[in-house]
Amino acid sequence: MALSRGLRCCQRVLAWVPVVIITLVVLWSYYAYVCELCLVTLTNPIEQVAYLIVFHVIFVLFVWTYWKSVFTLPLQPDKKFHMSYADKERYENEERPEVQRQILVEIARKLPVYTRTGNGAIRFCDRCQLIKPDRFIEMVNNCVGFSNYKFFLLFLMYSLLYCMYIAATVFKYVIKYWTDELTNGRSKFHVLFLLFVAVMFFVSLMFLFGYHCWLVSRNRSTLEAFSAPVFQNGPDKNGFNLGFVKNFQQVFGEEKKLWLLPIVSSKGDGHSFPMRTLCEAQNPLLANEEQWGDDGLDEENRGKIAQGN
């Protein structure tokens with residue numbers, strides 16, 4: 001018990017190491033750009049003011065989105081997804097797996113859940129004792145989900161813009177330092193390294209941001225991109241794909257004035273999601289649980305269901 005508690009404590013501490021490293025890099029980049037570039041290297045007052053104003057606008061948006069991504073708590077399942085005391089007792093006292101599955105089906109009839117596990121069972125979390133809402137996974141530390149996915153995307157976007165702006169405005173002074181047109185030794189180190197770090201992060205973030213833009217366009221989570229969600233007719237990687245515009249609105253909402261700000265505007269409650277086809281939206285999974293082979297459906301009835309689909 002003590003060992004397990006110690007490991008969990010170490011895990012929590014180590015989870016913050018990347019956050020601390022990123023924070024230190026950002027603080028250094030702020031010092032290098034504002035002090036060593038704008039206040040020491042630049043000599044034109046108009047250029048100094050212009051550089052600083054644009055930099056601080058981007059910097060504030062960058063830090064704001066980063067803060068919201070890290071400290072926005074993941075959405076927790078609603079109370080209605082938790083089992084009642086009576087249902088919990090009935091489920092735990094039952095030893096036959098098929099009867100346990102039937103108990104979960106009965107409970108889930110009242111809930112807006114449309115997906116199942118790969119073998120057709122209701123998605124259930126033994127640790128939390130609840131029916132898993134669609135697209136919910138176990139949370140570790142502060143993962144990205146419905147409550148902060150918009151903030152995470154904006155963080156990636158403003159990170160790219162931050163790196164691109166620094167690289168674009170620093171480049172000509174790197175050339176001047178490289179050709180010995182400028183000779184300040186201390187500032188030279190900061191400016192050269194600033195360009196290197198900006199370009200390095202820009203390249204890596206560009207691929208990550210591009211990948212998540214693709215996920216948004218298809219309305220998929222990272223897990224769904226690797227393993228398609230299971231519906232009535234089996235796995236369907238496009239089950240939540242509503243078309244580009246509606247997919248975009250699922251994350252960013254319909255109010256255009258909020259799209260670029262880390263303010264909650266995503267559509268929905270994070271517990272249920274609109275699906276691609278009307279037949280799936282009627283929740284036939286829970287009404288026709290017998291169609292799954294594991295529930296003992298005979299071949300004749302399977303054929304009827306196949307014809308009905």
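The backbone N, Cα and C atoms fix where each Cβ goes, and this holds for glycine too.
Sequence annotations record features per position, and here TrEMBL assigns domain 'Palmitoyltransferase DHHC' to 123-226.
Per TrEMBL, region 'Disordered' is recorded for 290-309.
The transmembrane segment annotation in TrEMBL covers 12-33 (among others). Long-range contacts of the transmembrane segment (12-33) within the same chain, counting only residues at least 6 positions beyond its ends with a Cβ under 8 Å from a Cβ of the stretch, are 55, 59, 62-63, 66, 70, 141, 166, 170, 190-191, 193-194, 197-198.
For 48-67 (among others), the entry in TrEMBL reads transmembrane segment.
Sequence-distant contacts of the transmembrane segment (151-171), counting only residues of its own chain at least 6 positions beyond either end whose CB sits under 8 Å from a CB of the stretch, comprise 29, 33, 37, 51, 54-55, 58-59, 61-62, 65-66, 68-69, 72, 144, 191, 194-195, 198-199, 201-202, 205-206, 208-209, 212-213, 216, 251, 260-262. The feature transmembrane segment is assigned by TrEMBL to 151-171 (among others).
The annotation transmembrane segment is assigned in TrEMBL to 191-211 (among others). Same-chain neighbours of the transmembrane segment (191-211): 25, 29, 32-33, 36-37, 41, 153, 156-157, 159-160, 163-164, 166-167, 170-171, 173-174, 177-178, counting only residues six or more beyond its ends whose CB sits under 8 Å from a CB of the stretch.
The average pLDDT for the domain 'Palmitoyltransferase DHHC' (123-226) in the predicted structure is 86.
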